[in-house]
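Feature annotation from Swiss-Prot assigns substrate binding site to Arg27, Gln28, Ala29, Gly30, Arg31, Asp77, Tyr154, Thr209, His327. What Swiss-Prot lists as site 'Transition state stabilizer' is Asp77, and the listing cites sequence analysis.
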Amino acid sequence: MTELKNDRYLRALLRQPVDVTPVWMMRQAGRYLPEYKATRAQAGDFMSLCKNAELACEVTLQPLRRYPLDAAILFSDILTIPDAMGLGLYFEAGEGPRFTAPVTCKGDVDKLPIPDPEDELGYVMNAVRTIRRELKGEVPLIGFSGSPWTLATYMVEGGSSKAFTVIKKMMYADPQALHLLLDKLAKSVTLYLNAQIKAGAQSVMIFDTWGGVLTGRDYQQFSLYYMHKIVDGLLRENDGRRVPVTLFTKGGGQWLEAMAETGCDALGLDWTTDIADARRRVGHKVALQGNMDPSMLYAPPARIEDEVATILAGFGQGEGHVFNLGHGIHQDVPPEHAGAFVEAVHRLSAQYHN
């Protein structure tokens, strides 16, 4: 494979020296970019875009043409695994993702296959290989998956949810069925991420978007336990280089110590966690990624710069920080504000690296 020209993102995840703090944005390939909207229209719909390696590659690269980002992230969706399990994924206008055949009981769980990543999910691996080829070693490529708990919420609720009553009913009334589902998902995610690594992903991230809706005890049992199993099963080296793993639980700021015990290399933070506090608590064990409120990108560039400066000062001197938003970029953010954000991170962070 081509030698990496810019590896500061990988170095920061391993708490190694860098010249400036690396930066990328969750959902950096997305609807805030007019060129993304044009490519998506060309694809016809969202899943057709995900399943076409050339177009998925095109949208992955679009933000890198605009901004000097330090990493590319595979353009895909967290629901590829449940889709490959045969749940009938579709997107309802204004409603988000839905499943025609949600999981309602242990009998449904028993019938679910564990997808072969090079077969049912081969389109994702094709996209990874295509993106790596087209990146020409400019920056590393991040692969990702949803966490078992987060995937299970969609599969059991039948789509997005606000209160999570359906999955919580299963969790409290039939925990055995839910554990069986989570175990199957943990095996599937491990295979899926390892296949992405073999196809060329240089770092992987597990998105636990809905872990924060759980009590501390339930988080440990139903979310973190299964992410830990995945981390234990991942390929940690490929192409002669360490493959860093980042865990991100939205709303998980109170559980950072337990998350850092999983053996991951980095933790993602949302904007409700104070980064200085997070570094005091776990900075000796893991790198930290985050954590500007994505809504800050609606502010004028001077205010964005002020927020970047505050977060950099909060993390302080030294290594182990990847700058990011605390969750995905909103679809109506002005693209030039995203540009001001990226530029400010690089310009203002050099003083923190000797």
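Any Cβ shown, glycine's included, is placed from N, Cα and C.
Annotated features taken from Swiss-Prot, shown on the structure.
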residue: Arg27; record: substrate binding site; DSSP (3 states): coil
residue: Asp77; record: site 'Transition state stabilizer'; DSSP (3 states): coil
residue: Tyr154; record: substrate binding site; DSSP (3 states): helix
residue: His327; record: substrate binding site; DSSP (3 states): coil
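Cβ environment of Asp77 (site 'Transition state stabilizer'): Phe46, Met47, Cys50, Pro97 lie under 8 Å away, each six or more residues apart in the same chain. Note on the binding-site residues Arg27, Arg31, His327: the fewest other CB atoms within 10 A surround the CB of Arg31.
Within the same chain, residues at least six positions away from Ala29 (substrate binding site) with a Cβ under 8 Å of its Cβ are Tyr36, Val59, Thr60, Gln62, Pro63, Ile73, Phe75.
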